[in-house]
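Chemist: Checked TrEMBL, it gives:
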{"type": "COMPBIAS", "residues": "534-574", "note": "compositional bias 'Basic and acidic residues'"}
{"type": "COMPBIAS", "residues": "588-597", "note": "compositional bias 'Polar residues'"}
{"type": "REGION", "residues": "534-603", "note": "region 'Disordered'"}
{"type": "TRANSMEM", "residues": "6-24", "note": "transmembrane segment"}
{"type": "TRANSMEM", "residues": "149-167", "note": "transmembrane segment"}
{"type": "TRANSMEM", "residues": "173-190", "note": "transmembrane segment"}
{"type": "TRANSMEM", "residues": "202-222", "note": "transmembrane segment"}
{"type": "TRANSMEM", "residues": "242-268", "note": "transmembrane segment"}
{"type": "TRANSMEM", "residues": "280-299", "note": "transmembrane segment"}
{"type": "TRANSMEM", "residues": "305-325", "note": "transmembrane segment"}
{"type": "TRANSMEM", "residues": "346-365", "note": "transmembrane segment"}
{"type": "TRANSMEM", "residues": "613-629", "note": "transmembrane segment"}
{"type": "TRANSMEM", "residues": "635-655", "note": "transmembrane segment"}
{"type": "TRANSMEM", "residues": "662-681", "note": "transmembrane segment"}
Amino acid sequence: MNQQKLLLMLGQSLIGTGFFFLYIQHVRSVFETRTNIAHLTQLERESLFRGEDALYYSFYKTLTEAPDFMSGIERLQNLTDIEYPRNVNVIHRFHVLPELIIGALYHFLRSHQRLGLLSLFSCWRSDDIRLTLEYGNCEGQAMQFYTECVWLLGGFTMLLIYMYGLLLSRNMFGGIYAVTSYIMFHSFASKIYESPAARENFAFPAIFMQMFYLCFCINQLYERKAHSLSILTMVKMSFLTALALLCWQFSTVIFASQILIMMVPWILNSTTQTKLVNVFINEYAATHLMAIWLAYSMSDGNKRYIFAWQLGPAIGLFFISMIRFSKQQSSSPSHDDNNIGFSLKILPMGFLISIFSFCTIIDIFEATGFVRSIENTYILYRDLVIHWLLQMKVNFVTTLTACKPEYKRMDCFQLWDFVKTLVVKPYCMYGVVMLAKFFRKWRKSTEPPEEPKADVIERAKNYILEDFLEEHHISMTDILNKKNEHIILEFLDLLAKCGYDYELYKKEKAKLKKEKPNDHLQFLNDIKKLKEQIQENHKKSSEEKGTDEIHRESTEEMVEQRERKEKTGNENGKKIPSPGTSKRAATRLTSASSQETHASDSDDEGLYDYRQFHYVYSFLQMAVFTVIGLSIKKLFFLCFTQGCVLTSTICSLLLSGKQRNLFWSAYLYVFLASVIHPGIVNIQDEYYPNKNVANQNLQLDSMLEWIKMNTEKDAVFAGPVDIIGTVHLTTRRPIVNHAHLEIRQMSDRTEHVYSVFSRQQSSDIYNQCSQLKIQYLILSTNDCTNEINDECDLLSIWDDMQPAYRKYPQFCSELLNKNIPSFLKVFSNEKYAIVKMFSHSVQINLKFNKMPEKDM
C-alpha cells in the first residue's frame, strides 16, 4: 500500500514538473515570436517596456550596471532621475523586491562565472554593429536573465494550479484539466509575454501559494480533527503574505477579501470542534499582522503598509474568533444549529469592527504624527471606486486612470464566451452523463431478477445453518428442537426474500437485530487493540513482561482456534460439507475486504463533503475575484485562474461519487468538447497576433534615438505616463513624472504636465511646467487634434474639469502648428513631438537663431 502511494505521488510530481517546463517553453516561444527580440537592438529591446514596467526595469538596470550589488543598492536609495529634482529612496517608495532578488542573483552568478551557471542562459545576438563593440556578444544577457526569471515564476504558478486542482479533486485528471484549461485560454489568464515586468507576475505566485497553503491547512484540520500551535506554519503564511505585499499594491485588497471570507461561520461540520477552529483563526489573523510588520520592516519603514487594507479585517477576525471562543459548542446537533445562527449574527459586528478599527488606527497615527494622509497611496483606488459607483469625476488623475484600457470594465460578450466555454459546456455534458447513469440504474431496477442456481441456493442454506450453530453453540442433534427449527425457518424465509444472496441476507439480518454485520472484523480489531496494549506494557518491569507473554500466548491460541474453526467447521456439524465451509470462510474474508473497501470509499467520500471550508473558501474567493475582475479589466486574470482551478472539481468525488473510473471517457469528451477548439484558436492568436509589435514601436524608437543623439545627458524630460518611463530607461535622462499615479506628489505633477493638453493659457502652462524644472516636454500628437472623440479624450476630461476654458483652443494643438513664446518644437513624427522650453531671456537671445525642427 505504501509503495502504491509512493508511486502515485511520484507520478503526480512528474506530471506537475512536466507542466512546469512546458509552460516555460510556451511563454518563452510566444514572447520571442511576438517581439522577434533576438534580432533587435538594445534600444529596441528596452523600448518594449512601457509605463510602470519600464520604471521597474530601469531599477534592475541600475543594479546590473553597478560594479557590485551593494553599490547598486546605494544608488537606488539616493536616486534623483525619476522625480527630478527630488531625492527618492526607491526601496522605500516602490515594490522593487523582485528586482532586488533577481539583481542579487545576477551579481552572484556573474561573480562566480567559473561555475558556468550564468552561461546556462544563452545570449541574444544583436544585428546592430554599433552595439557589438560596446557590449560584446552578450549585450542582452542581463535582460534575458530577467525574463528567464519571470518565465520560471510563471512555470511555478502553473505547478501551483496543478497542485491546487489536485487538492480539490483528489484526482490526477482534475489537475490536468485545470492546467490545460489555463494554457488553452492563456490570453485571458495572463499577459506575462506582453508585460514581463508587471508586478502581478511576481506577486501572484506568492498569493496563489498562500491560498493553496491555506486550503491545505484547513483540509488537514478537517482530516485530523486536531490542531496544535505551529510556529513553522505561521512563519510560512506570514512570509508568503509579506512577499506578495512587497511585490504588488493590489495584494492587500486580495488578502482583505480573504480575511472577510474567513469570517464566515465555517463550523459547519459537527466533527470539527469550535475550539480548534478558533485557535486556527487566531493564528491566521496573527499571520497577517506579522506580514504587515514584516513588509514595513523590509521596505525601509514604508508607511504605506500601515494603510494596508487587510489590517482592519485582521483585527475584526481576531475579535470574532474570541467571541466565538467564549461561546463553546456543545455536542448536540440542535446546539450546532444555534452556534451557526450565533456566528451569522456576529458577522455584521465583525465587518463593523474591521472598518472602525482601521479608521481608528489611522486617526491615532495621524494625531501622533507617525503618518500623514498624504502618504496613503490607496486614495486613488478609493476615488476610482467612487468614480465607478457614482459615475462622477472626482479629479483629473482619477478620470485619466479610469480611462486606461486595463482599468476599464470587462466586456460582457468576452465574458460570456469565457463562461460558455469553461462553465456551461462542461457541466451540461456532466448533466447528460449523470442522466444516463440514472436511467441505467432505473432500467436495472425494472428488470426481473434472475433466478439463482440450485447449487447457490444449497450453499447459502448451508451458510445459514452453520451460522446458527456457531452463534448458539449447539450441535446438530439440538437443531431438531421445535424452537430452533422455527428460527431457522424464519432465516430461510429472509434468505428467500433476499434472492438467496448471502451478503444481502447478512445486512438485512443485522438491520433486524440492530447488530453489526461483521463480527469477525470486530473480533480481529479487538485482538489488534489487545496486542497494542500488550506491546505498550512490554516496556515495564520483568514481572509484567512475564504476564504479557502469558497473555500474548493466550491471544495467539484464541486466534488459532478461531482460524481452525473457520477452516474445519464445527465437529458437531459433520453433515455440512467441508467445501462449502471453506468457501464460506473465503466468502467471509472477501466480504470483510469488500466492507473495508466500502468503508474506505465512504471515508474518501467524507473528504468531499461540500461543507468543508476549503471548498467553500475556494468558491467564495472565486466570487470575490469575479466582482474585482468585472470592475477592473486588469485584474480579470484572478477570476480566470481561480475558475480554471475550480473546473477540476468536475472530476472529483464531490460530483461523481465512487465511480470515477467509469466517467473517465465522459470527462475526456467534456474536455475535448469545451476546451480544444477555442483553445487552439487562442494559442494561434498568441503565436500569430494580428498586429506587429515592432511596427507599433517604430515611431517611439525613432524619438528615443533622437533624444540620445541630440539632447544633453542631464536634460530633464516630462510627458505621457505610458512612455515617459521608457524614455528614462533607454536614454537615462532624468524625468519629473512617472506612471505611479497613486502617489499624491506624482498625481499633482502629472496633472501639471498634462495641462499642456488643456485649453489653458500659455502663461499658466509655462508657470506650471517651469516650477517642475522641465526642459523638454513630450507630446502625443493623437491627443492634440483640438477635437473631442469620446469621454476619455484628454480634451474632454479637461473640459469637464475646467468648463470656463471651453471657448479657447487646445494649447498643444496651437503649439504644434504655431510659434508660441517660451516653447519650441524640436522634433516630431507621426505619433510624438518634443517641445523645448525656454525662459523669456533665452527666448530673446535665440530669436534669430532658432533650433531647427527635425521631421522624421
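Cβ atoms here come from the backbone N, Cα and C positions, even for glycine.
Since we're looking at a predicted model, the values are computed, not measured.
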Chemist: Sequence gap of 6 or more, Cβ distance under 8 Å, 3 or more pairs: do the transmembrane segment (305-325) and the transmembrane segment (635-655) meet that?
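Modeler: Answer no: the transmembrane segment (305-325) and the transmembrane segment (635-655) share fewer than 3 Cβ pairs below 8 Å.
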Chemist: Is it the case that the transmembrane segment (613-629) and the transmembrane segment (280-299) have 3 or more CB pairs under 8 Å, with pairs at least 6 apart in sequence?
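Modeler: Contact between the transmembrane segment (613-629) and the transmembrane segment (280-299): absent.
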Chemist: Would you kindly check 6-24, 242-268, 280-299, 635-655 and say which stretch has the most C-beta pairs under 8 angstroms to the transmembrane segment (149-167)?
Modeler: 6-24
Chemist: Go through 6-24, 173-190, 202-222 and flag the stretch with the largest number of C-beta pairs under 8 Å relative to the transmembrane segment (242-268).
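Modeler: It is 202-222, which has the most Cβ pairs under 8 Å.
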Chemist: Which stretch, 6-24, 202-222, 280-299, 635-655, tops the Cβ pairs under 8 Å count with the transmembrane segment (173-190)?
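Modeler: That would be 635-655.
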